[in-house]
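Novice: Take a look at this one; I'll ask things after.
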Amino acid sequence: MGQTLSVRQLEAWYGSNKTLKGINMEVASNHVTAIIGPSGCGKSTFVRCINRMHETMPGTKVKGEIILDGKSIYDQDPVALRKMVGMVFQKPNPFPSMSIYENVVAGVRLNGMRNKQNLQGIAEKSLRMAALWDEVKDRLNYSGMSLSGGQQQRLCIARALAVEPSVLLMDEPASALDPIATTHIEELVRQLKEDYTILIVTHNMQQAARIADSTAFFLNGELVEHGATSEIFTNPNDKRTEDYITGRFG
Amino acid sequence: MSKKRILTTSMGDQTLRLLTLLMAVSVLVLMAWMGWQMFDAARPSIQKFGLSFITNRVWDPVKEQFGALPFIYGTLVTSLLALLLAAPIGLGVAIFLNEMAESKFRAVVGFLVEMLAAIPSVVYGLWGIFVLAPWLRETVEPGLAKWLGFIPLFQGTPVGFGMLAGGLILAVMILPTIAAISREVMAAVPNMQREAALALGATKWEMIRVAVLPYAKSGIMGGIMLGLGRALGETMAVTMVIGNRPDILPSLFAPAYSMAAVIANEFTEATYDLYLSALVEIGLILFGITLVLNFFARLLVWSVARGPKGGNVV
């Protein structure tokens, strides 16, 4: 089951550069929430704050509060938090020294699971959820790098799902992929919201319109508008949102 | 038959190609020529002793008896000891500097570690004579003999000058090579890989184990092999602390001799042709051992770097 997130007065810095200027946002469970906005608007930083990945970079700072399932994420060990909040990155990043199978179960193994039968079960289930099983079931011991870009990205999604998080963060997961691979990923996202709360950063507005239940528009480190996707795209409240989605800037 | 395609018509490019080709070939020619010259000079000794030169343990120039085994043994044992000590420490230094340390501290310590490589080996040798050997004789070797004396390696009189001193001094000398190369290859691991591991809930150590080390392993192995190469050929510092006695004793405390050391020490004293020829043959063997070890090292790097089927070598 997915879980709700509420973000309160979130501020984030890279060195002296303030990239998030007080974000307040509620993220519904089992929804796909798209984060849109021009480059440098803070949308990536925003999702990287939710699994506390932002803080791993030197010289960064965060203020404010993020509540996941009733608890502040800042009261938890980031290592434990990241098992509940999975992440898929912009570029597919399978571990090159590992096979497809080893890639999928890498996170589960880190959690101490050693039983081979259980691991195989988890690998199959995760690969099926990521819609990759049929393509790789006969070559699980091949390198993850032997797959195409789109397949690699679904492998990374399977790897994130195998840990059974409740929230899945996706940072422009299809931006490095061709249109067919993108379609695969989008279908997958629509199916996954049954079980997960999904936040997806995208610079592609059509993509947000196709897959997201709600959409948030970020500009210069501020959340300009957040609402149902249909509302945002047909009847935005803010002039800046309208300008952005009609292509007047960005 | 298709016509051969024209790659370039530029005179400059063709001249550059020829010039660089010449330089590349000259290295090969030089190596082959050196090998041949050494073989030629060693011929009297090779003809007289044959294979027994390698298996014979007696080195007695007065009786015209020449066996290289003690030197081969001394070189291999001290180099191996140095590798066993320096590889884990060098890797630890690299991991700390790359993954743990603050950036200011990293720059300072990284620089100091690399400075170790700039110290001339004769200075290491002096330090070995005046600091390392007395310390080994008075503190380390009696201690080792007391606690680990049941192992033959740690038995016998503490002398200070011996294989332990040789191995230790080599370890210090190859440490910066291993640390610096490991650090560089680890710094080249894409941050994406680290974030992939962290996002799965890896701790720092797990991230290093899952994402950094596997990605960097062939480079790290290369660094270790470069260190081994330096240890095998190192002459001056080893000569000054190894004890220079052509003997094969199981104890690490015992004085020994290395191939490079005997060549340097006895070359000027080689009063007759066979003696000189035997020394050159030792040089030839050292040359051969270095080549063979490098070949196996490449094989090892290649086999660990291959990874799962269908992947690229990383």
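Glycine is treated like the rest: Cβ placed from N, Cα and C.
Positions annotated as transmembrane segment by TrEMBL: B:16-36, B:71-97, B:109-136, B:156-181, B:248-268, B:274-296. Summarising the annotation, TrEMBL assigns domain 'ABC transmembrane type-1' to B:72-297.
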Novice: Looking only at residues six or more beyond either end of the transmembrane segment (B:274-296), which have a C-beta under 8 A from one in the stretch?
Specialist: 35, 38-39, 41-46, 48-49, 53-54, 61, 64, 66, 68, 71-72, 75-76, 225, 228-229, 232-233, 259-260, 262-263, 266-267
Novice: Does the transmembrane segment (B:71-97) come close to the transmembrane segment (B:248-268), meaning at least 3 CB pairs under 8 Å for residues 6 or more apart?
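Specialist: Result for the transmembrane segment (B:248-268) with the transmembrane segment (B:71-97) is yes.
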Novice: Report, as numbers and ranges, which residues of the same chain sit near the transmembrane segment (B:156-181): CB under 8 Å and 6 or more residues beyond its ends.
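Specialist: The answer is 74, 77-83, 85-87, 89-91, 93-94, 97, 110, 113-117, 121, 124-125, 127-128, 132-138, 140-142, 145, 219-220, 222-224, 226-228, 230-231, 234, 237-238, 241-243, 249, 251-256, 258.
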Novice: Who are the chain neighbours of the transmembrane segment (B:71-97) in space, where the CB to CB distance is under 8 Å and they lie at least 6 residues beyond its ends?
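Specialist: Residues packing against the transmembrane segment (B:71-97) from afar: 54, 59, 106, 109-110, 113, 163-164, 166-168, 170-180, 182-183, 186, 208, 212, 220, 223-224, 227-228, 231-232, 238, 242, 246, 248, 252, 256-262, 282, 285-286, 289.
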